[in-house]
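Q: For reference, the structure I am asking about is given below.
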Amino acid sequence: MPRPLVLMILDGWGINPDPSNNAVAIGRTPAMDRLMAEYPSVEMETSGMAVGLPDGQMGNSEVGHLNIGAGRVVYQDLTRITKSIDDGDFFTNPVLLDCMARVKAAGGRLHLGGLLSDGGVHSHNTHLYALIELARRQGVKDVFVHAFLDGRDTPPSSGAGYLAELEAEIGRIGFGRVATVMGRYWAMDRDNRWERVERAYNTIVKGEGAHRPDSAAAIEASYSAGVTDEFVEPAVIAPNGSPLGLLADGDGFICFNFRSDRAREITRALTDPAFAGFDRSPWPRLASYVCLTEYDATFPLPVAYPPESLANILGQVVSRAGLRQLRIAETEKYAHVTFFFNGGVEEPFPGEERILIPSPKEVATYDQKPEMSAPLVTDALLKRIDEGVDDVVVVNFANADMVGHTGILDAAVRAIETVDECVGRVAATVLEKGGALIITADHGNAEMMVDETGGPHTAHTNERVPLILVDDSRKGARLRPGTLADIAPTMLGLLGIPQPPEMTGKSLLVATE
């Protein structure tokens with residue numbers, strides 16, 4: 001058994017045959033080039049049905065880590081919720097119906113807040129439309145939408161189109177109004193930057209921010225100032241000079257994001273009695289607050305689509321075998337190598353340790369520091385490998401994804417080169433210790449930095465990703481192409497641990513010499 005066996009996830013590092021505007025191709029990557037030439041490698045599918053998403057839907061970090069850790073294709077929340085809308089179950093969901101009943105009993109209004117996007121990473125606009133239709137059917141007095149604009153998982157200036165589509169759907173349904181508009185930068189932080197969340201809160205609750213006559217005027221004003229979707233300043237829709245729909249006592253709120261990590265902070269701010277992130281007076285006492293999926297197991301809030309438990313995932317199987325495992329990443333991807341990798345469970349398994357390296361807070365966006373905390377992650381990992389404590393290690397390097405999201409090619413190239421340097425350092429140490437290294441990615445991003453219009457490409461891609469098996473005892477091994485679900489079975493095979501029946505992925509190892 002190789003010790004340690006290190007799974008290195010290069011977040012956002014995809015394979016694009018077109019080298020133009022491709023940070024992965026442009027960057028100098030001597031370590032990855034050498035390892036690819038010397039060791040068995042293969043291309044992996046990370047999008048669509050291969051990871052439990054709808055056909056053609058790009059993968060993302062949450063989905064990728066869930067599939068890798070589970071060793072099976074995990075039916076994603078997006079697919080699950082969309083299917084329930086199609087078959088009608090959505091409209092009889094007891095948690096959603098209870099929320100609306102409570103709002104009606106309190107004489108309140110219903111607020112729907114979340115990412116207005118069809119990017120499918122954090123939310124889907126069709127889920128919002130279904131909620132508006134459900135509220136109409138249930139006879140709710142008023143529905144107000146708090147639209148967080150995307151620009152990361154969608155083109156950076158696509159928000160105007162999504163708002164126009166929302167207004168058209170509201171017109172078709174004959175119900176609902178847009179109350180506030182803001183970029184996701186404010187409402188969907190995940191790194192305790194409470195000053196951002198405070199701006200979102202103050203807009204939704206207090207009506208602070210620019211007052212605009214309608215949603216189109218709000219986005220047009222932002223574009224005129226050169227500010228694209230992600231960073232749109234919080235604006236209040238006030239057609240007659242006073243805000244249409246501020247959140248107040250007796251109202252209900254449904255957060256329609258299905259991905260948890262960027263929905264937690266705004267949810268805490270709106271619901272937690274002990275919240276101390278900023279002064280939020282007034283704090284509305286709501287009739288109901290519903291999370292579309294489980295954002296945090298400790299939140300005492302109703303969940304419309306609770307998690308489906310996953311048995312015998314990689315971390316659990318490794319733990320039961322009596323092996324020690326380490327999860328290590330910087331803040332931006334720490335939840336992915338822990339919570340998501342463990343099937344949506346926060347608690348570590350016995351024998352599982354975790355190291356969190358803080359992401360840089362001194363910059364507003366990571367194009368200003370493309371190396372992020374990757375060198376510090378590497379230093380901490382090498383120290384740990386030298387100590388010889390762990391049997392299995394999962395490490396994530398966030399750079400290709402987080403800097404790729406900025407749409408700035410030069411910065412993404414520097415990010416790629418930083419990660420390559422870290423790969424080289426880790427590979428040398430692991431091999432020196434007699435260990436093995438699986439290098440892969442959860443989805444693509446930095447390999448496409450310009451979109452078809454010639455503008456910045458800030459979203460994930462549907463491209464395949466590499467997988468390299470760096471193991472001196474298996475240089476002659478043959479690998480087959482696969483999906484992320486096949487990585488855990490491959491690792492168990494290398495560790496000599498039987499694969500449990502719940503893991504339906506297949507080992508990538510075809511034959512060894």
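Cβ atoms are placed via backbone N, Cα and C, with glycine included.
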Q: Besides Asp11, Asp442, His443, which of Ser20, Ser41, Ser61, Ser473 does Swiss-Prot list for that Mn(2+) 2 site?
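A: Candidate in the recorded Mn(2+) 2 site: Ser61.
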Q: Is it possible to get the count of other C-beta atoms within 10 angstroms of the C-beta of Asp401 (Mn(2+) 1 binding site)?
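A: Excluding its own Cβ, the number within 10 Å is 31.
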Q: What binding-site residues in the list Asp11, Asp153, His443 lie within 10 angstroms of Ser61 (active site, phosphoserine intermediate), counting C-alpha atoms?
A: Asp11, His443
Q: Determine, for the Mn(2+) 1 site, the additional residues of the same chain whose CB lies within 8 Å of the mean position of the CB atoms of Asp401, His405, His460; present them in sequence order.
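A: Other same-chain residues near the Mn(2+) 1 site: Asp11, Gly12, Asn60, Ser61, Arg152, Asp153, Ala400, Met402, Gly404, His443, Asn445, Ala446, Thr458, Ala459.
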Q: Give me the Cα-Cα distance between Asp153 (substrate binding site) and His460 (Mn(2+) 1 binding site), rounded to a whole Å.
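A: Here the two Cα atoms are 6 Å apart.
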Q: Give the residue from the recorded positions Ser61, Ser260 that has the most other Cβ atoms within 10 Å of its Cβ, counting over every protein chain displayed.
A: Ser61
Q: C-alpha of Asp11 (Mn(2+) 2 binding site) to C-alpha of Asp401 (Mn(2+) 1 binding site): distance in Å?
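A: About 5 Å separates the two Cα atoms.
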